[in-house]
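Look at Swiss-Prot and you will find 3-21, 14-38, 42-53, 54-59 tagged as disulfide bond, backed by similarity to another entry.
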C-alpha cells in the first residue's frame with residue numbers, strides 16, 4: 001500500500017501491519033489536513049483530532 005505523506009504528490013510505501021491510509025484533521029479546522037500517512041487501525045478520533053481513512057493506494 002502506498003499512502004500520501006503530508007503534501008501530495010509525495011508518498012511512501014507503508015510498512016507491514018499499517019494497511020490504511022489516513023488524513024488527520026484538527027476538529028476545530030476540519031478542512032485542512034495536518035498530517036497524512038499510514039495507520040494500523042481506524043478510526044482513532046478524539047476530542048481534538050479526526051482521522052479519515054481508506055484502504056487503497058494514495059487515497060488520502
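Each Cβ is built from the backbone N, Cα and C atoms, and glycine gets one as well.
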Just to be sure I understand: of 3, 21, 42, 53, 54, 59, which disulfide-bonded residues have a C-alpha no more than 10 angstroms from the C-alpha of residue 14 (disulfide bond)?
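Close disulfide-bonded residues: 3, 21.
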What is the one among the disulfide-bonded residues 3, 38, 59 whose Cβ has the most other Cβ atoms less than or equal to 10 Å away?
3
Go through 14, 21, 42, 53, 54, our disulfide-bonded residues, and report the one whose Cβ sees the most other Cβ atoms within 10 Å.
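Going through 14, 21, 42, 53, 54 one by one, the largest Cβ count within 10 Å is at 21.
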In Å, rounded, how far does the Cα of residue 42 (disulfide bond) sit from the Cα of residue 3 (disulfide bond)?
15
